[in-house]
Every structure is written in C-alpha cells, then in structure tokens.
Amino acid sequence: MGDGPEARGNQWYGPQPDVAGASGYPDAPPRMGFFTDTSVCIGCKACEVACKEWNAVPEDGLELTGMSYDNTQTLGADTWRHVAFIEQSKPFGGQEPGVRHEDTDVFAAAARLGTDASSPGPGATAPPPGQAPEGAPAGQISPLSPDGRTELRWLMSSDVCKHCTHAACLDVCPTGALFRTEFGTVVVQSDICNGCGYCVPACPYGVIDQRKDDGRVWKCTLCYDRLGVGMEPACAKACPTDSIQFGPLDELRERAADRVARLHAAGVADARLYGEDPGDGVGGDGAFFLLLDEPEVYGLPPDPVVTTRDLPDMWRHAALAAVTLVGLAVGGFACRPRRAR
Amino acid sequence: MSGADAGRGGAGGGRPGREAPTGAYAGRRRRRRGRGERSMVPDASFSSYYGKPVLNKPTWKALDIAGYLYLGGLAGASSLLAAGGELTGRPRLAAPAKLGAAGAISLSLAALVHDLGRPTRFLNMLRVFKPTSPMSVGSWILVGYAPLTMAAAATEVAVRYRLLGSTAAEVASRYRLLGSAATLGAAALGPAVATYTAVLLSDTAVPSWHEGYRQLPFVFAGSAAAAASGLALAAAPTSQAGPARRTALLGAALELGAFQLMRRRMGIAAEPFDQGRPRILLRASEALTVTGAALALLSGRLRDRRVALAAGAALLTGSAALRFGVFHAGVASAEDPRYTVVPQRERLAAQGS
C-alpha cells in the first residue's frame, strides 16, 4: 500500500488538480464552477426561479415558514438553488443602523428635495462606513433604538450543489447513474438511477434527495446541457448582482481571493471563503462561497469530509469482522464439552 | 406549529413554528427523555440555520432496510452453521440452517428491491462493479451467495423428502454431493453477507452510522451469529444443537462488547442511541440477547426443547431490535444539525483553525 492514495493521484481523498482527467477525460476543458459571493446577494430568488424554469423542476410545496423570507427551506430533489435568509442583530460593514423613519413623511420630503439643507438632493452621499449616526453613545457604532430593538443585518445566500472534487454521492452510487462530466461537475443520469437512495445520506451537504412520486434522485447539474453549448448556467445568467459567478474554477478562485481582500480592507472582517480550499475534506468544491458568518449559520457543515476517505479502513474492519464470525462458528463447533453426547 | 402553512401536501412533515430562532444558537433544544441518563459530552452551543438539519436524512424505509440488514446477517451466519453441521455430521442442525439461510436471503432481497424508488430497475445494480460503493459490492456478493443458498436448501429438501422420484441411491448421493458443495460455497460468502451491511451504513455522512465504522462490523457479526444460532436452537433437536448454543454465547458476547466499545468511541454521535425509539429498541435488544444467551446455556443443561425455543425466539428478536435501533439512531442523528456541526467544530478547533 505505502503511499496509497497519493500514488493514485488522490482519487478518493485529498487535493486533485485534474478532476476530469482522473475520471478518464484525456483532453478535458477547464473545470467549471460557481463562485457565490453572498455579500452582494439581495435575496431576489431569481436564481431559484431561473433554475426551476430551465430545468423544468416541479413545484414542491408552497409554504409560509416564518423563516425570514425563506419559504424554500432547503436544497432537495426539487430545489437545486436555495436562497437562505438570516436576520442578525449585528452591523454589516458600512451599513447605517439604528435609523428610524416613523416620523418621516416621505412625500413631503420628496417635495422638498434639494430645496433645503435637511433634505439633501440627488448626489448626496450617505455617511462614511462605520461612522455612528447622530445621537449614538460614544464608542458604540450602533445604538439601541428607543423601543429596544437593535440593528439588523440581513444575510442572504444562494446555496447550490457543491460539485465536490471528491463527491460521496458519486462514489457510493451502485449503478453508475451519477457521473463526472468533462467539466468536472457531478450529474445524475435519470434513465440509469434506480432509486436506491444511497447518495442521499452520503452527501455531507444534504444536497441530493429523492423525488417522492418518481423514486429517483435529483440535484443541480450545473446546467450540463447549457455548458455543452458554451452557455452559462441559468441561475448565474439570471443573477442581477453577479452574486452567482460562473467560470473556470481557477479564475473564480483568484477573483474570490481578491474580493475577500477588498472586503477585509473595507472593514468587513467577517468575510471568508467556504469550500475553495483544495486541501479540505472533499478536495475543494466546484461551487464555493464567500460567506459573512460561520458556515453553519447558513446551514452548511463547517468541516465536511467525503465518507469515502474512510472506506478502505471500513472494508478492512469488515473483513476482520467476517473472519471473526468464522472464528465464532469454528469455536462453536470445535470446543466440544467433555462429556460425550 | 405555525397556523400559516399553506396546506400543500407536497413537502414533508414538521416545519419550525413562527418563533423559529434566527441566526446564532438556533440549535434545537435537546429532548432528554432518559431518566438519569448520564451525558456523554458537555452540552455545546452551536449555530444552525433555523434548527434545520445540515444533511438530508436517509430515504430508506425502516422495515425494508433494517429488515434487510437483519435478514442478511441471519442468512450469512446460518450458512456457517449449515456448513459446520454438514461437516461434523449433524444433519438435523444443518437442515434448518440451510433452509433458514435461503429463506432469509430471499426475503432480504425482496425487501431490498421493494425499497428501490424504481424496483423495476433493480438490474441496474449489476451494470457496473464499483468497489467505492458498498451497495454495488453487496449486490455482487448477493448475486453469488443467494443462488448457493437456494441450491443448498433445494437439494436438502429434495433428498430429505425424496422428491426426485424413484431415484437410485447413486443419484441421490450425487445430489447430496452437489448440496454439500453449495453449502460450503454459501458458507464461504456468508460472513461477507453478514458484515458488509455495516459498511453499507457506515459509508455515509450520517454521524451515528459513520463514526462507529470500526466497531459496527463486529456488532453486526456478533448479532448475526446470535440470530442464526437462535434459529438453529429453535429448530434443531437439543442433541445436535450444541454448536448453536456455544455460537449463541460467543455471538452475544461479541455483539454486546463491540457495541459498548463503539458507543464509547463515538463521542457525541453516540447520543442518539440513548434517546427516544432507538433507546427503547437497543435496551430491548440488550435484554433479549442476554436472556437468549442465558436460556441457550440453560437449554443445554436441561435438555428441554421449550427452553431452546424460548432462547431462539429471544435471540432472533434481540438481533432484529439491534438493527432497527441502529437504523433509527442514524436517522435521528441526520435530522439534528447538532450531530453534524458540533463534531466538525471540535475537529476544526483541534486542528487549530
């Protein structure tokens, strides 16, 4: 065994720079993926709609959940993009918190626009980031408002299949229905899937799921059909703020590192990348994220590991247990009691 | 519950109420039903998205898949007893073991096919052989194993009841030879059938299944031995059931020991074994297995068929309860983000990031 997985080019675990090549595509195009920059997501859900429309994903329940503006809830067989909404009592970068508008007559203010000093005209700018609004106690950026409410920051994030470098769903699929495309993405062939459901608990992100009325499993294909003819996936196309960026993974990683550095410089210390590290438990995600809080706040696992990492060890233990079982039976038949029967 | 549900039948069950806490520390409160249960690890606070699970829970039906795990174990270990009985001249121990193996594996195959979202596509399992997929490996093992058990059982029945008509002794002995070969072949594959199912469960992201992957095959092996011995005890005359009694004791000891070790090594992922339905099932399994083993011992001393029957019933039920308990504990661990997030956080903290 020796250097095991290293020698095989990290096929089951660890960094794998040439995903498509390792899956048997000699002249694969560059690996494509998503970079979802949640700092510019406005929660419009255009991605959810575009995905459903393009891929003809059926409706899966209309519910009011009380989870902020999120009535979609989770990724699943019929939800391949999911916009999460998180309301937090925390200032966001250059946000101007603690401002109340109850006393303001907006129509009157509009009528006065540009005519007096208290209503700045077009072109006036907000106070610079981080500066306390008037009346704030010294040293405190965001004061409590008189009714005891605190400031709010609203995190929005469009979640999607991560198209892992080491995809557990693909590894455990017994039929070969799940496969790696030439773009390094992971896709289900619905005419092969026999609905065994093994990929569902194997996914460390809770992405793939079974469609109840049809028995097969479904998930994001990274619009394999569109990629084939040089188009970008529907969700990225529809995103009005470029929160969802599509492109070659190498390029996206550079862009993301740049964006994080800029946000840190602008005082958004919470900004961090999630899933971009090729050294992580799944060998890096083909769809990675810029988040503004811990991953679990968005419903993402903080340190996912592909279950296949431990599979060789599992087989070893099972083999040992099988031998033990034979030993038990041999013991049962061999050690006969003294007295003859 | 919120009264605002739009009443669509589409998406499943319980949704968080209107007061679903947002952002940090929205982890579900722990339901501690155990009276005086000791806590395995200190309560750790963690964040989640409205208490929603990180993982998608297994879609498998409990009766089908836990039943499949149980019957696979019963069949695999029965094949060993059948071969042992055959080799040591205990035909009345071998016969029920052969029939039990064939019956159990047939039922388990039926359960497996029934659980497929598309049962008509069962043969797609045999499109490829994938060592990375325990289900693929298992399917191929079953393809080899099931026909052998059927052949062993069929020849047993044919020879026993002289279904071959007015055959000469020479023909009957040829069939007997064929039956012996099939019995030994099934015994060679049986242990794999009984233990691969542990890998099947462990090779997932489900915390309470994955974290115990080192011990679970031994738990299942012990449980399989106990179940098969139970069947043999119930069906074979006491004069030939000696090996079954001893195998029952050894199997029960392995099952209980390995399970204790597993729970101790799993950290927080062991908690679901001690809560709700899994707790009841696993306690019952423990009690039944211990009782069954004790009765098995007693049946050897008393030479009483009724005691042997009771022992067999207890061992068979105990083994089934174990599989269902483990199955349900895994599902519960997938449904609670706590078991996904907290261990991963601890791992990151240990790495110093």
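Keep in mind that glycine also has a Cβ here, set from the backbone N, Cα and C atoms.
Note: TrEMBL annotation is automatic and uncurated.
Remember, it's a predicted structure, so these values are computed and weren't measured experimentally.
Pulled from TrEMBL, these are the features on record:
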type     : residues                               : note
REGION   : A:1-25                                 : region 'Disordered'
DOMAIN   : A:32-62                                : domain '4Fe-4S ferredoxin-type'
BINDING  : A:Cys41, A:Cys44, A:Cys47, A:Cys239    : [4Fe-4S] cluster 1 binding site
BINDING  : A:Cys51, A:Cys220, A:Cys223, A:Cys235  : [4Fe-4S] cluster 2 binding site
REGION   : A:114-144                              : region 'Disordered'
DOMAIN   : A:152-183                              : domain '4Fe-4S ferredoxin-type'
BINDING  : A:Cys161, A:Cys164, A:Cys169, A:Cys203 : [4Fe-4S] cluster 3 binding site
BINDING  : A:Cys173, A:Cys193, A:Cys196, A:Cys199 : [4Fe-4S] cluster 4 binding site
DOMAIN   : A:184-213                              : domain '4Fe-4S ferredoxin-type'
TRANSMEM : A:314-335                              : transmembrane segment
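Here the features listed in TrEMBL are painted onto the structure.
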| residue | record | contacts (Cβ under 8 Å, 6+ apart) |
| --- | --- | --- |
| A:Cys41 | [4Fe-4S] cluster 1 binding site | A:Val83, A:Met156, A:Ser157, A:Ser158, A:Thr241, A:Ser243 |
| A:Cys51 | [4Fe-4S] cluster 2 binding site | A:Val57, A:Trp80, A:Arg81, A:Cys220, A:Ala234, A:Cys235 |
| A:Cys161 | [4Fe-4S] cluster 3 binding site | A:Leu75, A:Trp80, A:Val186, A:Tyr205, A:Val207, A:Ile208, A:Lys219, A:Cys220, A:Leu222, A:Ala287 |
| A:Cys164 | [4Fe-4S] cluster 3 binding site | A:Val186, A:Val282, A:Gly283, A:Gly284, A:Asp285, A:Gly286, A:Val306 |
| A:Cys169 | [4Fe-4S] cluster 3 binding site | A:Leu178, A:Val186, A:Cys199, A:Ala202, A:Cys203, A:Val207, A:Ile208, A:Lys219 |
| A:Cys173 | [4Fe-4S] cluster 4 binding site | A:Tyr198, A:Cys199 |
| A:Cys193 | [4Fe-4S] cluster 4 binding site | A:Thr175, A:Ala177, A:Leu178, A:Arg216, A:Val217 |
| A:Cys196 | [4Fe-4S] cluster 4 binding site | A:Pro174, A:Thr175 |
| A:Cys239 | [4Fe-4S] cluster 1 binding site | A:Ala46, A:Cys47, A:Ser158 |
Handout entry: Other same-chain residues whose Cβ falls within 8 Å of the Cβ centroid of A:Cys41, A:Cys44, A:Cys47, A:Cys239, the recorded [4Fe-4S] cluster 1 site, in sequence order
Key = A:Ile42, A:Gly43, A:Lys45, A:Ala46, A:Val83, A:Ser158, A:Cys235, A:Ala238, A:Pro240, A:Thr241, A:Ser243, A:Ile244
Practice task
Check each of A:Cys161, A:Cys196, A:Cys203 (the binding-site residues) against chain B and write down, in sequence order, those whose C-beta lies under 8 A from a C-beta there; write 'none' if there are none.
Solution key: A:Cys196, A:Cys203
Exercise for the section: Among all chains shown, work out which of the binding-site residues A:Cys47, A:Cys199, A:Cys223, A:Cys235 has the most CB atoms within 10 A of its CB. Expected result: A:Cys199
Handout entry: Residues close to [4Fe-4S] cluster 3 site centre defined by A:Cys161, A:Cys164, A:Cys169, A:Cys203, Cβ within 8 Å
Key = A:Lys162, A:His163, A:Ala167, A:Ala168, A:Leu170, A:Val186, A:Cys199, A:Ala202, A:Pro204, A:Tyr205, A:Val207, A:Ile208, A:Lys219
Completion exercise
binding-site residues considered: A:Cys44, A:Cys203, A:Cys220; fewest surrounding Cβ atoms within 10 Å belongs to A:Cys44
Handout entry: pLDDT averaged over the residues of the domain '4Fe-4S ferredoxin-type' (A:152-183)
Key = 96
Problem - A:Cys223 ([4Fe-4S] cluster 2 binding site) to A:Cys44 ([4Fe-4S] cluster 1 binding site) - Cα separation in whole Å - result: 20
Exercise for the section: Could you tell me which three-state DSSP class A:Cys41 ([4Fe-4S] cluster 1 binding site) falls into? Expected result: coil
Handout entry: Output field, [4Fe-4S] cluster 4 shell: CB within 8 Å of site CB centroid, site A:Cys173, A:Cys193, A:Cys196, A:Cys199 dropped
Key = A:Cys169, A:Val172, A:Pro174, A:Thr175, A:Ala177, A:Leu178, A:Val188, A:Asn194, A:Gly195, A:Gly197, A:Tyr198, A:Val217
Exercise for the section: Translate the DSSP assignment of A:Cys199 ([4Fe-4S] cluster 4 binding site) into the three-state scheme. Expected result: helix
